[in-house]
Every structure is written in C-alpha cells, then in structure tokens.
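First the structure, in the form of structure tokens, and then the observations on it.
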C-alpha cells in the first residue's frame, strides 16, 4: 500500500515536471534578437514593429508583457516590447550580472552609481549626446538634468526627469491652528512649532504622547536641517578646494540643534532603530507633528493621518531662514536614466530607431498615459483638465509601467485639476529651485571614493547619530572626521578637487 | 505499557509542560501576522500587538486576488518545488548510495570534492555565466538544475545510508540484484524517514528561493511567489536591499497587505509537513520490513 | 611487482562496483559543471575586475585586495565579532535542537507530539524582516512590552536594540527562536532509524528511561551530531547578512559588524567585485582549516568524520 502511494506520487511529480519542461521550451532562449529590418526612420508606416527589450525596476507590482498598457505603448511607437522587470531591492545585483554576462537588453534603466559609471566608462553603452539635436522631445529636456548625469563630460543617459528641489517638511496644520501658531518662517519658528507639538498636547487626549518631529534610522530629516544652517550640499568649495559638508561649522551647528531636539524629547527617542515602515506607522497613528517628505506626497500624508484622526490637515514648508540665509539642497533632477547597450543595438541606424522610440515616449499622448492613464478608466477630463478617478485604478493599471517614462512626463501631459495640496507642492518646487544649492561633486570622479566611499560614509553616519544621542561630544565628532580623513577621506578630497579644477578649466 | 515510577511520571509532566511552553512561544508571532492580515488599516495604525483580528477586514485578501500576478506566481512556486524536489531526491540518493560504501575506490577523494564545494564557491557572476552557457536562462529549469544536489544534505544522507544493516543488502546481492536494484528495492524503502526529511528540506529550500529566480529569469510571468513577497516585505526597510532606488514617490503597501501576502505565500509550504509527518514515526519501517 | 597487483586489484574492484560508479556519474557531472566550473571566478580576487571588461581584460593586481583587507583598521574588530557570534551560537544554539528532539522523542502522547512538532517549525518560515518588526514591538524603549513591564517592576528601561551589551544575546536568541524547531527534524529522522527492538530489550533488562536515553537514543544520534558539527565549522565565518543588517545600528556597530555585512557595504553598495571575492576567499580558507581540523579530531576520537 505504502509503496504504491510512493510510486503514484513519483509519477504525478514527473508528469508535472513534464509541464515545467513544456512551458520552458516555448520561450525563445535568446531574448535579445536584433532584427535588421524595421530599423531606421520611424515615419515608415509599413515598417514591421521594432523589437525593443527594456530592463527596469519596479516597487510593488511588476509590469506585464502583452498587457493592455504595453499594447498601447507598442501601437503608438510601432514596437514589440519585451519588459524585463527587476525588484528594486535587487536592482544592483541584477545590473552587475547582466553587464558581466553581456546579456544586456536594448536599454536598461540605471542610476548614477559606481558600477554603472564604470560600465559606461568601459564603453558598453552608446554616447547619445551628438544625436540629441535630431529629436525634438529629447533635446527639450533641461540641460542641467543632462549635465548632472554626464560621465567624463559626455551624455549617455535618457533621464526620467523630476523636480530638482522637492524636499519639504510636512506638518500637522490642524495642530498648528489649534495651538494658535502660524507657519514657521525661520529655524527658530520651526523649533517653537516642534516644541509646541511635543509638549502642548495637540491631539488633546490629555497624554504626553506626541512628537514634534519624527526621524528614522537613515537620519532622513538631516539634509533639510543642515541646509537651514547653511552647510553645503554634500560637498562645498572653499578656496578652490572641495570639502565635505560635514567638516563645516554650519554642519556642526545643525547637529547641535538636532541634539537639542532629541534631548528635549521632541523627536522619537528610538529613531536609530526606526525603519521606514515604523516611521510611517508613527505618522499614521496620529502621534507625529512633522516629517520630511517630498512636496508631491503631502496629500498622501494627509490622507494617511485622516484614517485615525478625520480632522487631520497637512501643511508643507520647505524654506526656512537660518543663520546663513535661506537655502535648500537640489538633487540630480532625475529618477534614473535609460542606457542603450551597444551589444543589443549594434549599428548607428538601430540606435536612431531606439532614440526615436524614446523620443516618442515623451509625446503628449504617452505622457498622458504615464501621468494620467487611460481616459474614462483612470482619469476623466473636465474643463480641459484631467482628474483621477476615485480609488486605486491608476495605481493598479499604470503605476507598474511608470518607470518606462522618460523626460518630464508630468509637465508634458494634460494639465490636471489638482488638489490644493498638490497644487501647492508644484508651486513650492518652483520656489525651492530659486533657493537651491547644487552639489559640486555630483559628477566628479574619485577612485578612492569609488573604492571606499560607502564604508567611509558609515563612519560619519554613525558618528552623527551618536552625537545626537549624546554618546559622543564635539571632540568625538572631530575624531570621527579625523578618522574619515585618515582612512581615505583626505584622498577623496584631493581627487575631487583635482577633478573639479579640470572641469572648471 | 510497563508500570512507571513516580520519577518517570514527573519527567513526563515537566517534559510536556516545557514543550507546551515552547510551542506557545513559537506559534504566537504567526498568529500576530494572521491577525494583522485580517485587520483594517485604522486598527493597525493605532498600533500594539494584536493576536486576534480587530476591525475585521478582508480587504488585503481581496487585493491579492484582484490581479492574477500572485496567484500565477504561486502556481510557479508549486511547479518549481515539486519538480525541483524530485530532481533533488533522485540525484542526491543516486550519489549518496555509492558514497556510503566504504569499500568504494576513490570514495574519500570524491567526498573531499563534495565538501570543498560547501566551502568554496565561484560567486554570483561565474555561476550566472555557467547557467547561461548551459542554456537554462529564462526557464524554470534554471532554478532547479543548478541546485540539484546540496552537498550538505548529500553528506548527511550518505551517513544515514551507512547505518542501514549490511546484511539486508548482502542477501539481495546473492540473489543477483545489482546495486541500482538494491538501492530502489531495499535501501530507499528502508530510508523513508530520511527521504521524507530531505524531501521536506529540499522542498522548503525551493519554496523560499527568490534570488536565483530574479537573476536567471527575466520574464516575470515565470517568477515564484517569493520574489514578489520578498520585494513587498523588504521595500519598507532602509537597512536591507538597495534603498537608493526606492524613490520617495513609492507608495508602500499597507501592513495588512504585507501580512496577507506573507500568509498567502507561507501557508501552502507549511501544509506539506503534516503529510510527511507520518514517515517520521519511530522505527516503524525497519520493523515492518524485517518482520 | 607490487604495484602491478595493486593495479589489478583496483581494476577488479572497479569492475565489481561498475554499477556504483555509474550511479555516481550524474552527481559528479553536476558538481563539475555547476560547482567547479564557476570556481575559476576566484581569479577575480587577484584582479581589478570590472564586469564590462570581463575576466581576460581586467587588470591583474596580485595580492592587493588581501593587503587591503588585513590592513583595514576594522579587520580585527570584524574578526572578533564574527568568531564570537559563531562561538556563541555553537554553545547556545547548537545543542538546543538535539535537546528538543530528545524531549519530543520521549513524548508518549502521539497527538500532542504531532501538534508540538508542527508548531515549532513555523518560525522557520517567518522572515527576518518580520522577526525584526516583532522584536521592535517588544523591546523598544518607546512603549515596548518588555520595557513597560520593567517599568511596572520599578526597573530602569533597557534599550536592548541599541546596546552593545545586548547585541549578541539578542542575535542568538532570535536564531534560537527561528531555527531551533526546524533543527530538530534531522535528529528526529536519525531517531526514526533506531530499531525499536533495542528499546524492548533494554526494558526487559530493567533499564529505566534515563538509561535508555543515554545508552540507545544518544548513541544513535552521535554520528549525525558529529557530522553537523564538522560542517558547521565550515561556515564559522558566515552570518546571515540580512539578519545582522536588521539588527545593526549606529550604536551597536562596533560589536555587530561582521565580515558578511562589511562585504555587503564594500561589495554590493560599491560594486567592488574583486575585493568582495578576496574577502570571500579568506573566509573560505578559514572555514577549510577549521573543517579539516575538526574532521581530524573526530577521526582521532574514533568517529567516522566526513571524509
């Protein structure tokens, strides 16, 4: 009896395995086929759909091949798409393996990181700078964004554009009103607001259980605060030398300010063990007064807070006047960029066909698809303004494909009827850009930084947290900086300075 | 049952008490996960440890079944697990049996060859290149064939085979059976507890595998469920994974969905165990074959 | 003429065992292709490997990466943390599955036994991320259960998750919680092979449960325990990267950073393939030495060993 069962089990298993075999043999082994025909001008209506494989990452829901959205893109651009998605948490490994095995798709989405820059330097990707003028959409992208992605002064990437200075403090406006305060204008106002949030029982439950500002294990708010105190954006230029921001007096003042917030219990006392997840949980539980977000997320945070406290209202403030004036850090201005591989795209003619594809992706029709979705399903048009349909239709249908969008698809698409908070965010990004300070080392190259940057950064990151917790004092902070310099930081400074001088000349 | 002394009864009581305590300690986190998966977002936001669903909600499970992505990946996981485990058991027992024969010429060298692979590996990129070279990329075989034998389990199975009394095999040999027949007819039936154990180990390994699938399979319609589960769970962690690419726009899935996906992806493999459990019963088989 | 007869004896043996060799073949081919073929990859530890250039064009740098590792100011800290965590696990974790298996084996009530067995495997399926989340709920000074309890008892709060003293205890406890139940399976399988007649004979001889446990059950487990111990030596330099990363923070890094998390930072985040490979090679060599030593000691004390 028992033996028989075993046998049946094996046979059943083997037949299942047969199914595995079949399903695997149906797919072509080589996903990177380069059809000779179809390349060239896109104006040719009769041309066969051109095969394009794209590798990019996803966050929550992976995109699907042959889906409705993919078909819309294919039809519009006359292509046959092979979407190769990668979970964002494993993106770096997948990029490395793909590059090392010469398994590159037509285009791959990448970020400005050492392995990517190295791959570009090794000549695996097309330099696209010289071709851009032929493509009206691609050449309309803000040159600053291209500049921020240059490698050895050349353009390789087609960026997904986003605003340069999007950071803000999201705070509970309903609490502020209740306590009779007005929106902070200076760092001192900001401190007063946090203090009132933490100590004056803004949620009115009679318990001392609210925080002024909430922080997480990656010291997320720090970049805004150092900017308020006037420390440079990661790197500053002093007498022609590049110096890291954390060696400046302004940075130390920001740290001291932060330590005071911690000492007085205005921030969650366990922030070094608060993951992103737990951090959002505090906000969602209605115990938090303020947190750093991007301006685009203000509305989301308001909706989150309203789940527990229906009265909750959110305000946003980015620019505060500090001891050295008003400033904010600017970012790269893009959310990754597509690189076109030389192994999959062998000729210049094919390259032009692929560039046409990306150029078409920036057309208004495509921008509408990425930003709004499908009319009648995810959005409606009223008075020439687009409006999302209630619910998660857009998130489910369109979000997985968002990473394909290039250029500034938000501004290229139909204007929308925006929620006031959303509208405010758009205006704030423009204001922020006026006060934004750039990182002079953004595209500079330093071999020591490429080799040891990450582990050296840890020294400073840990010291910052320990300083705020009071585990080390000013002398300890100075030691950490010394330690950083001795272990390679000094070399990084010199290499950056040399690269900077070379760029200037 | 023989009469038992007072001391032995005391031993039983303590033993049962301790194991009961261990069982409670180990089951409650899973209860927590299940409770969260059935709770609504407001209750979760208010925080605290929940062991029974509060603010009952099936929203999270509705989300899981709203697209076919998770269901299809569960199907892939089942295929990989069943197919992979069969390959594993066949390959491992086939190799373990000869290695259990102490008289085999070259045995020690082969064992060293095997153990060396536990200690040294070529790393991700060279392994990827070999998988590519053997033409497995983008098929489910890519996550089955390259892990057909675990050196670790091979060594332990070899050890189990060694403990089977020689006499049984000798008599079969006299009857003219070759080694293959002896393995299939005598050794494997006698080793059912061990085979059940390794089936479980291999099955769980296949079920939990996600990294190889991400590396070797570009077509996400062939991904097993762990790839999706892992991404959803890790997304909210800044400590692990590559947080630099997780943009600020990313809307993290609510806790309840995270927990529901965990339940959805874990319960099927947990169900395997009770089916294999009967094979762990002490000494039954050995007695039955002999008798 | 000694070697000729040896040769002939060998030939005879091979011919006699031809079926056995045939059975070995698939496994050997598997190991050669999927385990040994990729091993040429270790050469990148002696190069400045760049994925775009490949193995043949990458620049050779000799022992540079090993020099960097050994001259790293944190090297001895990493070494100490890694070894200490492993030793703690050997002492506090390794025996627990054995004890649990013996306890389960002594249960006479089959239904209860099945229940406990099924339940204690569950934590194995809970990912580290979830365990970290639950640990936080219990241990945070901001309203965690344990700290609330300490408060009620009039004790000071302890910041378990941000302390150098508690790091190892916490790490080992989490490992025990997650893997102890799962670890019993292999021992239960070994126990299933014990001939029940032995127990009957012992009972007739008047041996009580303790004596049966000592003279029949434990010896049946001995070879499995020895093998697991020797193999465990091989990954004494390994820690679960994800597990440690989730426990690490600015405060406890000096006791918590191990080779694996270090490689994670310098290798993955920086894309330093060659350096990661060099660190990996160093770890493997340490493992190899320990395995060979443990195997030698096992054989000396009359055990079979693994090779």
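Easy rule for this one: first residue shown is 1, then count along the chain.
Any Cβ shown, glycine's included, is placed from N, Cα and C.
Taken from TrEMBL, the feature domain 'ABC transmembrane type-1' covers C:79-294.
Under 8 Å from some Cβ of the transmembrane segment (C:20-37) lie the Cβ atoms of residues 14, all in the same chain and six or more residues away from its ends. The annotation transmembrane segment is assigned in TrEMBL to C:20-37 (among others).
Away from its own ends, the transmembrane segment (C:83-103) comes close to residues 120, 168, 171-172, 175-176, 179-184, 186-188, 191, 213, 217-218, 221, 225, 228-229, 232, 236-237, 239, 258 of its chain (Cβ-Cβ under 8 Å, at least six residues beyond either end). Positions annotated as transmembrane segment by TrEMBL: C:83-103 (among others).
Taken from TrEMBL, the feature transmembrane segment covers C:115-139 (among others).
Tertiary neighbourhood of the transmembrane segment (C:180-201): same-chain residues 93, 96-98, 100-102, 104-105, 117, 119-124, 212, 216-217, 220-221, 224-225, 228, selected by CB-CB distance under 8 Å and a gap of 6+ residues from either end. Residues annotated as transmembrane segment in TrEMBL: C:180-201 (among others).
Residues or ranges marked as transmembrane segment in TrEMBL: C:213-231 (among others). Below 8 angstroms of C-beta separation, residues 94, 98, 101-102, 105-106, 186-187, 190-191, 193-194, 198-199, 202, 207, 291, 294-295, 298, 303-306 of the same chain, each at least six residues beyond the ends of the transmembrane segment (C:213-231), sit close to that stretch.
Residues annotated as transmembrane segment in TrEMBL: C:273-298 (among others). Nonlocal intrachain contacts for the transmembrane segment (C:273-298), taken as residues 6+ away from its ends with a CB within less than 8 angstroms of a stretch CB, comprise 41-42, 44-51, 58, 61, 65-66, 68-69, 226, 229-231, 233-238, 259, 262-263, 266-267, 304-307.
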